[in-house]
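Have a look at this one before I ask anything.
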Amino acid sequence: MRIKSFIITSLILFILGILGVSLNRTNLILLLMSVELMLLAASFLFIIASSFFDILFGQIFTIIVLTVAAAESAIGLAIIVTYFRIRGKISIKLLNTLKG
Amino acid sequence: MYILIILLPLISSLVILLLGRNFGVRGSNHFSLLCLGIANLLSCFSYYETVILKSSIHINLFNWIPLNLFDASINFHVDSISGGMILIVNMVSFLVHLYSTSYMEGDPHSCRFMGYLSLFTFFMLVLVSSQNYVQLFIGWEGVGLCSYLLINYWFGRLQANKAAIKAMLVNRVGDAALIAGVMLIWYNYGTVNFHSIFPSNQNFASTLIPIFLLIGAVGKSAQFGLHTWLPDAMEGPTPVSALIHAATMVTAGVYLIIRSSSLFEASSIALIVTGLIGAITALFAATIGLAQNDIKKIIAYSTCSQLGFMVLACGISYYSVGLFHLINHAFFKALLFLGAGSVIHAMVDEQDIRKMGSTVLSLPLSSVFILIGSLALAGTPFMTGYYSKDLLLELSTKQYYLIIVCWLGLIATLLTAFYSFKLINRTFMLYQNSPKNWWTVAHEGKFNLLFPLFVLSMGSIFFGYFFKDPILGSVIHPNLSVLVKLTPLLLSGLGVLAGLFIFLITKNLWNLFFSFNIIKPYDFLVTAWGFDKIISTFLVSPLWKFGYKTSLKLFDLGIVETIGPFGLSKRVVLLTQNLSKLQPGYLFNYAIIMILFASIFILIN
């Protein structure tokens, strides 16, 4: 297995996450999951790089990113739950009260 | 002491205009009469010294603009030219003040009136007692301003407002030319002092300068082209007309030409133009005077015509004759105006001569005074007008290159006598045409209304004979045949007869007269050759349209606003509004934009 296929896989994952964020128009949870996917793809890249170049920092970073992702998803879900309590819906289309 | 001549009218006007309400009408009348009376007396002394004894008074007051060559000092300089002017200005002004105390009796603002009259006199004295063109210009603009204030004295009347604005603006055309002339004088001769300017060589500027000065004089002296303000200036009270048209304002233009005689002599073209303009004005105004029916307008056009004679005299290089006619004219024209004012006053402010008639019975003194004024105006032998006007016409017969001037002047003489006596006939002699209650209450004015008329009629009779030698100096009377010498007199006599008999012709003759389709030339004359119409059609209304459409609509409100503040701010607001549409409130749009610009940033870097 070459490193190229690993990187391409993680990039595809990252792009899928981006597309999930930008094209998703319905569900707020889906958005949060796409962000998680992006973070995972990034940490995957870190791991690939650390094992390929034989440097430990990438794996340390991955663990930190995992904690950050966990915290982020916890806070994000908390916000969504609070939002749901107020509005009763979590559709992204209805999140347009702040206009430029 | 001589400085009081110029200061007393100023003191009088300032005190009356500032404190008139404390003095009351009687107090301010007496104060101004006292000031002007003393000034009048002093100016008689200065006349004796300067004109008869041929000395000159020079009092340097202060240096106004001390540039090294541009010596614009304010001074009181009286020589033989300005001595006569100062005499008539002060004398006519004093008599007009005296007359106004009776004429303006009962007017609520007569303190203001007296103040303006004194201020007018002051500015005229500043004009004539200057030694340089800059001080002359102060007086020049000052009399223009005071004429505005005085014509507009009854400011509640729309016609008076319009006439005053017209007077101011038409004068301003000439003033602009005068400024141009003075600037050219300074540029070419390096000085603005009358006594230091001696044009030595012929060049383009030496023709241009007198032409500019002539345009200035045309505006102020109501010559052909810029005369339209003068008949409209009759909207002011009658003493104002007497002051403006007899002694002061309109004579300033002729005085300027006489003062600048050395400049005019430098250019033959300017002299020919001056003579032609004078002669055309003399004839033009005399023809219009024939058809007018307003007693003041007839006299106003006669003023215009006589000023034409003065300019004509300057055009044929006889400046002293012009000055002499100027001074004589002041006497009989002031007499005519004040006499007309007396008639108007007695006839309950009626100015139309068609609604008068037979007033010789109720106003014998006024009719005698107007008769004296008209006889002097027509050049009756041994009265004042004879010594200047007939001499002027005799001298013009010798101008071979400008002989047309003589012909125009002779026709104008005929017409002058004609309309003067038409006025007398219609006002005083014919059947009575006014309402009966006016005619029965009509009576002569008080002493202070008649005394100025008496003094002026004495001046109209005797002044020319007694003072012809000191003013005229050594004018050589031309050697002419008796017939030519008598021509102006015969023409005047013809005019008098025509004026007296025009309303006495029989019914058959009237029918014959009207069968000639006389109405068209009469229309032409009664509308003053259609001058107002032509000017308003071809000059004023195109200029107004240009001002509204091009300067205001297209440029100020159009181009400048669009490029400038208004258009620019509108553009910026529009741009920011468009930019803020990039934030519609949808999260996915924000995400797309963020990702897009992040990827652009990565790609570029």
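From the backbone N, Cα and C atoms, a Cβ is placed for every residue, glycine too.
Pasting the relevant annotations from TrEMBL:
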{"type": "DOMAIN", "residues": "B:64-114", "note": "domain 'NADH-Ubiquinone oxidoreductase (complex I) chain 5 N-terminal'"}
{"type": "DOMAIN", "residues": "B:130-416", "note": "domain 'NADH:quinone oxidoreductase/Mrp antiporter transmembrane'"}
{"type": "DOMAIN", "residues": "B:419-603", "note": "domain 'NADH dehydrogenase subunit 5 C-terminal'"}
{"type": "TRANSMEM", "residues": "B:31-48", "note": "transmembrane segment"}
{"type": "TRANSMEM", "residues": "B:81-101", "note": "transmembrane segment"}
{"type": "TRANSMEM", "residues": "B:136-155", "note": "transmembrane segment"}
{"type": "TRANSMEM", "residues": "B:167-187", "note": "transmembrane segment"}
{"type": "TRANSMEM", "residues": "B:207-226", "note": "transmembrane segment"}
{"type": "TRANSMEM", "residues": "B:270-291", "note": "transmembrane segment"}
{"type": "TRANSMEM", "residues": "B:298-320", "note": "transmembrane segment"}
{"type": "TRANSMEM", "residues": "B:360-380", "note": "transmembrane segment"}
{"type": "TRANSMEM", "residues": "B:400-421", "note": "transmembrane segment"}
{"type": "TRANSMEM", "residues": "B:447-467", "note": "transmembrane segment"}
{"type": "TRANSMEM", "residues": "B:487-510", "note": "transmembrane segment"}
{"type": "TRANSMEM", "residues": "B:586-604", "note": "transmembrane segment"}
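Each of the listed features needs to be described in terms of its position in the shown structure.
Averaged across the domain 'NADH-Ubiquinone oxidoreductase (complex I) chain 5 N-terminal' (B:64-114), pLDDT in this predicted model comes to 88.
Beyond the transmembrane segment (B:31-48), the same-chain residues lying 6 or more positions past its ends with a Cβ under 8 Å from any Cβ of the stretch are 1-2, 4-5, 8-9, 11-13, 15-16, 23, 57, 78, 83-84, 86-87, 89-91, 93-94, 97-98, 101, 114-115, 117-118, 121.
Residues 5, 9, 29, 32-33, 36-37, 39-40, 43-44, 46-47, 49-51, 110, 113-114, 117-118, 120-121, 124-125, 128-129, 237, 239, 242-243, 246-248, 251, 255, 258-259, 323, 326-327, 330-331, 334, 338, 341, 448-449, 451-453, 455-456, 459, 471 of the same chain lie 6+ residues outside the transmembrane segment (B:81-101) yet bring a C-beta within less than 8 angstroms of a C-beta in it.
Listed as Cβ neighbours of the transmembrane segment (B:136-155) (distance under 8 Å, sequence separation of 6 or more from its ends, same chain) are residues 109, 112-113, 116-117, 119-120, 122-128, 130, 161, 163-165, 167-168, 171-172, 175, 178-179, 182, 216, 220, 233, 235-237, 240, 243-244, 248-249, 252, 256, 259.
Only residues 6 or more beyond the boundaries of the transmembrane segment (B:167-187), in the same chain, are considered here, and those with a CB under 8 A from a CB of the stretch are 70, 133-134, 137, 140-141, 144-145, 147-148, 151, 197, 205, 208-210, 212-213, 215-220, 226, 228-230, 232-233, 253, 256, 263.
Remote same-chain partners of the transmembrane segment (B:270-291), defined as residues 6 or more beyond its termini with a Cβ less than 8 Å from a stretch Cβ, comprise 207, 210-211, 214, 218, 222-225, 227, 257, 264, 298, 301-317, 399, 401-402, 404-405, 408-409, 411-412, 415-416, 418-419, 422, 522, 525-526, 528-529.
Same-chain residues lying 6 or more positions outside the transmembrane segment (B:360-380) and placing a CB less than 8 Å from one of its CB atoms are 302, 306, 328, 331-333, 335-336, 338-340, 342-343, 346, 386, 389-390, 413, 416-417, 420-421, 423-424, 427-429, 439, 442-444, 450, 453-454, 456-457, 460-461, 488-489, 492, 495-496.
Within the chain, the transmembrane segment (B:400-421) has long-range Cβ neighbours (under 8 A, six or more residues past its boundaries) at 272, 275-276, 278-280, 282-283, 285-287, 289-290, 292, 298, 301-302, 305-306, 308-309, 312, 315-316, 374, 377-379, 389, 392-393, 487-488, 491-496, 498-500.
Remote same-chain partners of the transmembrane segment (B:447-467), defined as residues 6 or more beyond its termini with a Cβ less than 8 Å from a stretch Cβ, comprise 51, 91-92, 95-96, 98-99, 101-103, 324, 327-328, 331-332, 334-335, 338-339, 342, 345, 365-366, 368-369, 372-373, 376, 382-388.
Long-range Cβ contacts of the transmembrane segment (B:487-510) within its own chain (Cβ-Cβ under 8 Å, at least 6 residues beyond either end) map to 378-381, 389-390, 393-394, 410, 413-426, 429-430.
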Treating G and I as helix alongside H, and B as strand alongside E, what does DSSP give for the domain 'NADH-Ubiquinone oxidoreductase (complex I) chain 5 N-terminal' (B:64-114) in helix, strand and coil?
29 helix, 11 strand, 11 coil
